[in-house]
Amino acid sequence: MLLLGILTLAFAGRTAGGSEPEREVVVPIRLDPDINGRRYYWGGPEDSGDQGLIFQITAFQEDFYLHLTPDAQFLAPAFATEHLGVPLQGLTGGSSDLRRCFYSGDVNAEPDSFAAVSLCGGLRGAFGYRGAEYVISPLPNASAPAAQRNSQGAHLLQRRGVPGGPSGDPTSRCGVASGWNPAILRALDPYKPRRVGFGESRSRRRSGRAKRFVSIPRYVETLVVADESMVKFHGADLEHYLLTLLATAARLYRHPSILNPINIVVVKVLLLRDRDSGPKVTGNAALTLRNFCAWQKKLNKVSDKHPEYWDTAILFTRQDLCGATTCDTLGMADVGTMCDPKRSCSVIEDDGLPSAFTTAHELGHVFNMPHDNVKVCEEVFGKLRANHMMSPTLIQIDRANPWSACSAAIITDFLDSGHGDCLLDQPSKPISLPEDLPGASYTLSQQCELAFGVGSKPCPYMQYCTKLWCTGKAKGQMVCQTRHFPWADGTSCGEGKFCLKGACVERHNLNKHRVDGSWAKWEPYGPCSRTCGGGVQLARRQCTNPTPANGGKYCEGVRVKYRSCNLEPCPSSASGKSFREEQCEAFNGYNHSTNRLTLAVAWVPKYSGVSPRDKCKLICRANGTGYFYVLAPKVVDGTLCSPDSTSVCVQGKCIKAGCDGNLGSKKRFDKCGVCGGDNKSCKKVTGLFTKPMHGYNFVVAIPAGASSIDIRQRGYKGLIGDDNYLALKNSQGKYLLNGHFVVSAVERDLVVKGSLLRYSGTGTAVESLQASRPILEPLTVEVLSVGKMTPPRVRYSFYLPKEPREDKSSHPKDPRGPSVLHNSVLSLSNQVEQPDDRPPARWVAGSWGPCSASCGSGLQKRAVDCRGSPGQRTVPACDAAHRPLETQACGEPCPTWELSAWSPCSKSCGRGFKRRPLKCVGHGGRLLARDQCNLRRKPQELDFCVLRPC
């Protein structure tokens with residue numbers, strides 16, 4: 001939403017702004033080497049050229065040099081404009097070749113400046129320079145045919161300076177509520193300090209941005225729709241106007257502060273000439289959004305590979321939109337709907353050139369960004385300034401960093417979580433967008449008319465560039481009114497000056513070029529996420545060597561790497577509880593504020609029915625009930641994705657790991673349950689049960705340590721539900737599955753002391769119970785036979801560790817054979833015993849733990865164990881002389897203060913002062929923030945000096 005500020009003009013000579021207006025008529029001069037100093041006229045795209053152009057604009061007592069290059073990135077190759085409905089009388093279609101109109105660049109080589117203009121029909125658009133915004137547009141006769149055009153090529157340049165002057169209290173301009181959802185919590189979770197529990201130090205508060213596995217270019221293929229009210233208001237200039245708005249929005253999304261390479265690409269423009277040809281548009285913003293989303297879904301192509309397929313759609317209207325509580329709403333979109341064909345859309349109320357910022361803002365919501373003032377953003381990043389793109393007020397944009405740290409973190413997580421996969425395909429035919437600044441295309445008067453209607457004029461005595469105040473009438477009185485947006489970039493604000501980023505600025509230095517970003521060196525690995533049991537360490541690199549500038553590309557490639565750490569088992573692992581179980585238990589007593597659960601609720605992990613995408617969320621079930629909740633958006637790094645998998649969770653994603661716990665390892669469990677084994681350390685046990693009695697029938701007792709368990713009950717003659725059902729009891733005789741004549745028809749996962757058994761349910765022709773990893777508790781398999789007593793057919797197989805070879809003379813063979821109880825017609829144990837070729841005992845060292853000091857002299861420790869071969873029953877003995885070190889020194893040199901020479905004394909006589917530069921330098925000469933160095937040892941920067949008495 002946006003507040004409309006109104007000031008009444010009490011008497012002549014007193015104005016809203018309190019200062020003289022900063023508007024100036026200018027004549028842009030093209031300074032290309034081949035036409036140096038020659039005034040340049042724009043007749044259309046055929047004159048714009050494909051190379052870089054330089055324009056000089058002298059205004060506000062300074063020179064502005066616009067260094068422009070063609071910018072057609074935001075127009076797809078297959079871009080087309082369609083007119084739906086009956087043509088309105090007197091209106092004709094726009095130019096068929098607007099692709100070559102648009103240019104972008106910088107002003108006076110300033111790093112934070114920008115220019116986005118169109119060269120068709122004059123210099124039209126905006127540019128930003130030193131905090132001010134400028135809008136330039138040709139005077140009415142400047143865009144006429146060449147024979148009738150003002151010979152001086154006159155343009156109006158308007159400047160808007162830093163925020164100031166009278167204004168109303170701004171309120172939210174956006175119809176999206178400033179709330180949060182679980183996806184936002186998940187995105188910001190890496191920035192939060194974790195609770196320390198489960199006997200471990202889980203995590204740390206991280207500085208910088210969240211995880212970023214791979215930086216990949218994204219292409220947001222966009223449909224732009226303008227309704228009948230837009231066609232009537234803008235006429236033949238509508239297409240050019242819409243593309244000017246999208247060009248500005250596209251440039252904002254290419255800014256490096258968003259920390260992702262995102263390209264807005266227009267694939268189609270639809271102009272609706274009558275109401276019946278488009279969606280129903282009303283003052284109800286939410287209803288209009290619903291109507292538009294449903295309408296655009298029907299028009300979209302089925303395949304993402306089609307050149308006219310769009311990933312998101314934007315509707316522009318002049319209809320006054322109303323939200324739930326106010327009619328100051330300028331836009332509305334659903335949060336986090338990118339790549340959802342039914343809901344990836346937004347509605348924008350056109351109020352002139354500032355609609356470009358509304359467009360970028362609402363598209364941010366589609367990318368899952370909340371408003372910057374939501375509580376979760378403030379908890380992580382502190383109170384954010386109200387000058388970023390996702391501010392609910394959106395008054396003044398920080399052009400140096402238009403996107404806040406919170407917005408960058410959330411869109412990064414959104415894309416890394418796979419929600420932006422539809423954006424990976426590069427458009428085959430993008431449409432070119434304007435590169436000129438909006439102020440170069442639209443005069444200050446035109447900006448007022450676009451914002452407040454025909455006849456609105458700039459208020460006199462406005463402060464340059466800050467807020468656009470325009471005339472209007474309220475209750476019969478002439479008033480000045482504002483929407484709190486600055487003058488458009490590129491608007492003249494004095495001789496040699498124009499508005500840029502809300503300030504009136506000068507221009508100089510033509511030698512400015514596009515700078516593509518490049519990766520800096522990898523940062524050191526951070527602390528381990530766990531102190532035992534297998535944790536994860538992360539290392540990052542930043543796109544700062546150099547940082548992208550002047551429209552340069554953001555870095556591509558891997559941005560976060562990870563490795564395993566602290567792999568030695570935890571002392572508590574003997575209890576059989578998994579790390580995920582411990583995380584669920586930490587919420588015991590938390591009833592999720594629902595009366596369906598008591599305060600004595602105990603939480604256990606939920607495995608069955610969880611989609612692969614959600615395996616790294618902490619989804620827990622209230623024990624003894626069917627209620628389950630996401631108790632944490634991510635499990636702790638190093639948690640297994642599932643009990644029967646060796647893959648582990650890293651920053652909410654399931655990453656492949658070996659059975660040894662190492663990320664990227666190829667080691668796997670063999671059939672015997674031995675990590676990296678050769679299937680020779682166990683024997684296979686199989687059997688078949690076919691003769692039941694009514695009720696529960698014993699089938700087989702499976703000892704602890706059995707692995708690769710596979711039990712199948714095939715329905716009689718292939719029937720589903722033949723009245724025979726598998727059942728399972730633990731060592732205490734308690735039924736774990738299908739006991740007391742109550743059976744489970746659906747699939748279930750049974751967790752027994754950390755081991756997972758998957759049950760198919762009774763709704764299949766072949767009922768099965770399977771486990772791949774060794775079980776830690778003996779289990780008893782039964783079959784329940786009821787009803788017609790059709791014969792069951794239960795086949796089972798599993799693997800048991802082989803008995804160790806012993807001296808036959810002192811240990812006679814046990815005639816009873818293996819300790820497996822059967823009730824079957826078949827029992828096989830036919831593996832050939834292999835010679836004992838186990839390797840001798842050896843020392844095994846774990847990963848080094850974190851350093852005890854962040855810098856300087858510290859120590860780090862690791863666990864060292866003596867381990868024998870698998871199956872060895874005696875205590876292993878290792879050579880003490882070869883025992884690895886358990887402790888070693890660690891720590892990089894601490895940052896130090898670097899001094900430069902003293903400056904000359906500030907006075908030639910008497911008491912003056914002198915100063916010397918002081919830097920905080922880290923290991924390798926890296927320049928650090930001052931708070932990284934020891935402030936207690938900071939050398940003196942300022943001192944008094946006396947050269948001679950006066």
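Cβ atoms here come from the backbone N, Cα and C positions, even for glycine.
As annotated by TrEMBL, active site applies to E362. Marked as Zn(2+) binding site by TrEMBL: C174, H361, H365, H371. If you look up TrEMBL, you'll see E221, D304, D311, C422, D425 marked as Ca(2+) 1 binding site. Taken from TrEMBL, the feature Ca(2+) 2 binding site applies to E221, D304, D425. Taken from TrEMBL, the feature disulfide bond covers C293-C345, C322-C327, C339-C422, C377-C406, C448-C470, C459-C480, C465-C499, C493-C504, C528-C565, C532-C570, C543-C555. According to TrEMBL, the region 'Disordered' annotation covers 151-172, 798-822. What TrEMBL lists as signal peptide is 1-17.
Sequence features, as recorded in TrEMBL, placed on the structure.
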residue : record                : Cβ within 10 Å
C322    : disulfide bond        : 20
C345    : disulfide bond        : 29
H365    : Zn(2+) binding site   : 23
C377    : disulfide bond        : 27
D425    : Ca(2+) 1 binding site : 14
C459    : disulfide bond        : 24
C470    : disulfide bond        : 26
C555    : disulfide bond        : 25
C565    : disulfide bond        : 26
C570    : disulfide bond        : 19
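Neighbour counts of Cβ atoms within 10 Å were taken for the disulfide-bonded residues C499, C504, C543; the minimum is at C543. Restricting the recorded positions C174, C448, C543 to those with a CA within 10 Å of the CA of the residue listed as 'active site' leaves C174, listed by sequence position. Taking the Cβ of C528 (disulfide bond) as reference, residues of its chain lying under 8 Å away and at least six apart in sequence are, in sequence order, G535, V536, Q537, C565, N566, S847, G849, P850. The recorded positions under consideration are E221, D304, D311, E362. Their Cβ neighbour counts within 10 Å are lowest for D304. One way to see the shell of the Ca(2+) 2 site is to take the Cβ centroid of E221, D304, D425; the remaining same-chain residues with a Cβ within 8 Å of it are Y219, K305, Y309, D311, C422, L423, L424, P427. Most buried of the recorded positions C406, C422, C448, C480, judged by other Cβ atoms within 10 Å, is C406. The subset of recorded positions (D311, C480, C555) lying with their Cα within 10 Å of the Cα of C345 (disulfide bond) consists of D311, given in sequence order. Counting in whole angstrom, C459 (disulfide bond) lies 27 from C322 (disulfide bond) by their C-alpha atoms. By the criterion of other Cβ atoms within 10 Å of the residue's own Cβ, the least surrounded of the recorded positions C174, C293, C327, C465, C532 is C327. Of all the recorded positions in the list D304, C322, C465, C480, C555, the shortest Cα-Cα distance to H365 (Zn(2+) binding site) is found for C322.
When the alpha carbons of C377 (disulfide bond) and H371 (Zn(2+) binding site) are compared, the span between them is 9 angstrom.
Counted within 10 Å of its Cβ, the other Cβ atoms near H371 (Zn(2+) binding site) come to 27, all protein chains included. The disulfide-bonded residues recorded for this entry are C327, C480, C532, C555, C570, and the Cα of C555 lies nearest to that of D304 (Ca(2+) 1 binding site). The recorded positions listed here (C293, C339, H371, C532) include C339 as those with a Cα within 10 A of the Cα of D311 (Ca(2+) 1 binding site). Of the candidate binding-site residues, C174, H361, D425, the one lying closest to C327 (disulfide bond) when CA atoms are compared is C174. For C493 (disulfide bond), the number of other Cβ atoms no farther than 10 Å from its own Cβ, over all displayed protein chains, is 37. Within the same chain, residues at least six positions away from C339 (disulfide bond) with a Cβ under 8 Å of its Cβ are D311, H419, G420, D421, C422, L423.
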